[in-house]
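Q: Pulled from TrEMBL, these are the listed features:
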TRANSMEM  C:12-30  transmembrane segment
TRANSMEM  C:42-64  transmembrane segment
TRANSMEM  C:87-109  transmembrane segment
TRANSMEM  C:115-134  transmembrane segment
TRANSMEM  C:146-166  transmembrane segment
TRANSMEM  C:186-207  transmembrane segment
TRANSMEM  C:219-237  transmembrane segment
TRANSMEM  C:272-297  transmembrane segment
TRANSMEM  C:309-325  transmembrane segment
TRANSMEM  C:337-361  transmembrane segment
C-alpha cells in the first residue's frame, strides 16, 4: 500500500492495528516512543501513548498524562461512552494537559505527532487524542547578532514562533492586535503567522499578504527568506522590497505604522511589509536617542550610501576620462601614486574591490578570533605590501577602503550587500564610457528603483512620489512631540500623539499656579 | 517586459564595442602647468611647455629613477599654435594634456603681432580652464618658463599663487582667459594683460652675490595694453596701479608717502574704497567725473613726532589724496596722450548711461577720447592707527 | 501595472515634468541663440517668453477643461472627425520629433564636446535613447516620480552655479537695458518660446491624467513661474559674469559658464558634478519627449496598445536625433533658423484652431460628454 493511501485511512478500532500502522508510516524511527498502559482499573482498558522523543516534553507527559491516568481511579464504567464523552471524562478529571483535540485519521495523527504532540490511543475507539505537550530545547532570548543598538531593548527573536509572537504582543497591548496562522510547505509544514493591528492596517494589504502566502506551493520553508523570495514584488530586482529583522521592537513599531509582520517558525528573522527603501537606513537607535543625534546619524548613513554607491565609479571616471576636473594638486598626487602601477584604473579598482570582498567574506564565516586575524592580515599587511610593491596606488586603497567602510555604515547588512552589488555595473560603465556611462547607468538604476513597489506602496516613497507628511521621519527624525500623525500608509486613526506635546517650563508653571 | 533585455543588449554592445575609448589615464598624461609662446624663426611659433613630473613633484609613492627635477620643460615649433603643440608630441612620451595648465606667457613680440590665435586656441579647447592666467613678458617666454620661481614645487603654481594671494601690492591686473576673451569679444572694450618679468631677487648659496640676489624670479609688474588683438603699450607700476581702479580690482593697497615734516616716510593701507565713474554729456561734449573715496589705516610711521593722531591724520590725508590722484592722472595721461586708447572701457560706461546719444559719438570715440575731460576727485580718510595709542616717539626727548 | 486602469499622476508631478522638459535646453543652447540676436537683453527676452508660456498654458487648460476626460487629440477627434485627429496627431508627432532633435543637441553637445570628445556621436544617441526607452517602458507615473528627482537636481545645479559665478558678477554688463526695441526682443522670444511649446503641448496631452481637475490652472501657472524663475537665473548670470558677447560665442553657453565657475581655490572646476545633475534633468526631458511622441503616434496609427509603439518611436526619434546632431553646423542651423518657426506655427496653429472650433461647436463637445 502506498504511503498516501495509508495516510488517507481513518483510525481502526483496534489499538494494536493503529499503533503498527503509525509505526509503519513513520518507518519505526528510533525516536518514536510508545508507551502502553491500561486505564480504568475495572475494565483494564488498553491505551497507548505515542510521541517523538525530543519534540515532546517527557516530564510533562509523566506529570500531566501518565501519573493522573495511572493513579486516578475512574470508577465510572466508561466502556459504553463515546469517545467524545471519554474526552469529557479524561479532560475534566483525568488529564492535566492544557489542550486536547480529537483526531480521526492517520494524516492528522501523524501531523500531530510530528508537531510534537502526544497521541493517545484507547482501545476500541476509532479516534485518538492529540495532547499538546510540545517541549523541545530552544535557545533562550538573547541579544540579536544583527541590528545591535547602543540604547534600547536587548531582546531578540528566537527560533520558536510562539515566543516570537509573544515578544511582540508584550509591546502591543491592544485588543485589535490580530494573529492569523497557517502552515506552508508540503513536507516541512512550517508554521507561519501574520500579525497586524486592525484599524491601522489597510484591509487590502492583509488580503494581499494572505493571498500571496496562500499561493505559495513549496515543499519546505526553512527560513523566512523562502517566504520573502516567494512573495516579493520584484523578484528580479537586486533591491530588497521586504525587510527582515531580529528585533521585536522594530516589528512592533512597524505594526503601529500599519504594516504587516510575517513570522516564520524556526527562524529568528521576522519579515515586515510593505518596506520602503529608506527604512534600510533607519535603526531602532534612532528612536531611542535624542532626535538631533538621531537625525545626524541618519545624515551620516545617507552619505555612506552615496559614497558606497558612487565613490569608486566617480574616482575611476575622473582618473581615466575627466582628468581636468581633479584639482591640480590632487591630480599630481594621484598621478604620482599611479606612476608605477601597471594596471588600468578600472582593473585596479575591480582588483581591490575583489580583494576587499574576499576579506569581508572570509571574516564573516570564520570564528571570531580568526576573523580578526583575517582582517588584520588582509587589510594591514596585504594592503601595505600591495602599495609598496606598486600593484595598486595608495589613493585606490583609500577609495576602496572608504567605500567598504561606508557600506558597513548602512545598518541593514543585506541591504548594504545589495548596494555593493549594484555598484559594480556603475563602476564598469563609468570605466568604459566615463561620464556618459556613469550618468546613464545611474539613471537606469534610479528609474528601476522608483518603479518598484512593495505590496502596493511605491518603494521610494515618500520622496518619489513626494509625500510631505512622511518626510518627518525619513531624512531626519523629528522629535516625538512634533510627529503628530502616523505615516500615510496607515488607513484610519491617523493621530499618533496629542496636540502640543512639546514640553516647556511655562506649561508646567501654569498648572502649578492653578493648584 | 521585453524592453529590459533589449536595453541590456544595447548597453552590452555599447560597452564592448567602444572598448577603451578615450582611455588615457592620468598617469599616461603629461600635465602641462605653464606654457610660453615665442616667435621662432621664419614667422614660426615657438611653444615652451613646462610639464610636471608627478613622481618627483610629490616624492615617495615608490617611483624610482628620474632626475629629481619636479618638472620637464620642452620646446616645440610650428606654423600655428596647434601645429607646434602637435610637434611637442613627437618627443613627449606622454600625451600633452592642457587641463591643468595654470599660466600662459606670451612674449612681447607675439603680442605686438596679434594674439587672436592665442585667444581662439585656448578658449576653443575643452581641456583648458577659463581661469588660466595669461601674461605678457618683455623677455623671451622660453627663458621665463623654466625658471624656478617662488616657493612652490612647480613654477607655474608660483605664478598662479602670485596672482591669487598678493592683491595688496598688486601692480598688475588679474588677467585670465575669461577676461581676455571678454575684452576681445566685447564691442567697445580692449583687452589687457598682466606683465611678468624676470628680476634677480632670489638668493642662491655659494656664488658671488650681486645687490639683489643672483637667482632670477618672476615678478608681476605692469600691464600690457592691446588695441583689438595687438599689443600697443605698457603701463608701468604707478600707471598700472591707477589702471586697477578702473577695472575694479582694488580692494586694498599700500600707499607709501613722504612725511612732510622731517625726514622719513609713512605707509598707508587702503581699506574701504569706493570708485565711481560718472559720464556726462553736455553740448555734444563727452566728459567724465571720477569720485574716489577711501578709508585707510596708518600702518607705518617712520618719523618720531609729537603730534597727536588727529593732527597727523589731517596732515597726511591730503598727501594721500594727491598720491592716488597722481596715479590715476598718470594713467589717463598715458592712455589719452600717448596711446590714444580707451583701455579702461569708458565707452561702456557712457553707453550704459546715455544709450540715446551713443549713436552720435560711437564712430568718433577713438578721436574724441584723447580730448575728453576727466575730472578726478579723491577724498581720503585715515581712521585707524592700528595698535599704537600714541605715535612712536621716545619719551626721553 | 496594467494599462487598463487609466494612469493618474498628481498635480505636483505634472509641475515637476513641466519644469524638467523646458529646463535643459533653455539654459544653454537657447540662451546662446538669444544672446547672438539681442545681446544684453537676453534676460528680458526670457521673461517675455515666460509670459507667453503663461498665456498659452492658460489657453490649453481652457481647452482641456471642456472635455476633462479627453486629451487634445481625442478632443480634436470629436471636433474634426477621425481624419482631423490623425492630421493633428501627425503634427504633434512631427513636433516632438523636431523637439527631440533639440533635446539631443542639448544633451549630446553638453556631454560630448566638453567631456568625451573621442566617443562617437552614435553612442550618445543610443545610450540616452536607451535610457529613455527604459523609462518609457515603466510608464508615465515612474517618469513623473523621476522628474521629482530632476527638479531636485535642477535646484542643486542652480545653487552650485550661483556660488561659483557670483564672484565675477558685473552689473554694468546689463546696461543699457532694452538696447534693442521691443519688436526685435519679441522676435527673439521665438527661441525660448519653442522650449515652452514642448511643455505646453505635453500638458495638452497629459492633463486629463492629472488628478485634481480644479487645480489644473493653478498648477500649470505655478510650474511655468517656478520653471521660468529657475531658468531666468541663467541669462542673468550669463550676462553678469560672461557678458552677452561671450555667451553668444559658444554653442552651449551654460557649459561655458560652468567651466568658468570656481569655488574657492581648491575647486577650480566642478562642471562634472553639475553635469551629473544636469543629465538627470535632461534625461527626464528625453523621456517626456519620447512618451508624448508615442502617445501622438498611437493616435496616428489608431493602435490600442501603446507598448508596441515604444520601440519604433524611439528608433525614429533616435535616428532623427542622430542625423541632426552628427553635423554641428546642421544642428545649429536647424535649431536657430527652422525649429522656432516650425514649432511656433504648430503650437499656435493647433491651439487656436481647437480653441476656435471648440467655442463654435460647443454643443458637439457637450453632447458627446452627455453620451
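The backbone N, Cα and C atoms fix where each Cβ goes, glycine too.
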Q: Against the transmembrane segment (C:115-134), which of these stretches has the most C-beta pairs under 8 Å: C:12-30, C:42-64, C:272-297, C:337-361?
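A: Counting Cβ pairs under 8 Å, the winner is C:272-297.
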Q: For the transmembrane segment (C:87-109), which stretch among C:12-30, C:146-166, C:309-325 has the most Cβ pairs under 8 A?
A: C:309-325
Q: What stretch in C:42-64, C:146-166, C:219-237, C:309-325, C:337-361 has the biggest tally of Cβ pairs under 8 Å against the transmembrane segment (C:186-207)?
A: C:42-64
Q: Determine whether the transmembrane segment (C:219-237) and the transmembrane segment (C:146-166) share at least three Cβ pairs under 8 Å, counting only pairs 6 or more apart in sequence.
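A: Output yes: the transmembrane segment (C:219-237) sits against the transmembrane segment (C:146-166).
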Q: Counting only CB pairs under 8 A, let me know which of C:42-64, C:146-166, C:309-325 has the most with the transmembrane segment (C:337-361).
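A: Answer, by Cβ pair count: C:42-64.
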Q: In the same chain, which residue numbers or ranges, 6 or more beyond the ends of the transmembrane segment (C:42-64), come under 8 angstroms Cβ to Cβ?
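A: For the transmembrane segment (C:42-64), the sequence-distant neighbours (Cβ-Cβ under 8 Å, at least 6 residues beyond its ends) are 26, 31, 34-35, 70-72, 75, 174, 177-178, 185-186, 188-189, 191-193, 195-197, 199-200, 203-204, 207-208, 216-217, 220-221, 224-225, 228, 231-232, 235-236, 238-239, 244, 247, 347, 351, 354-355, 358.
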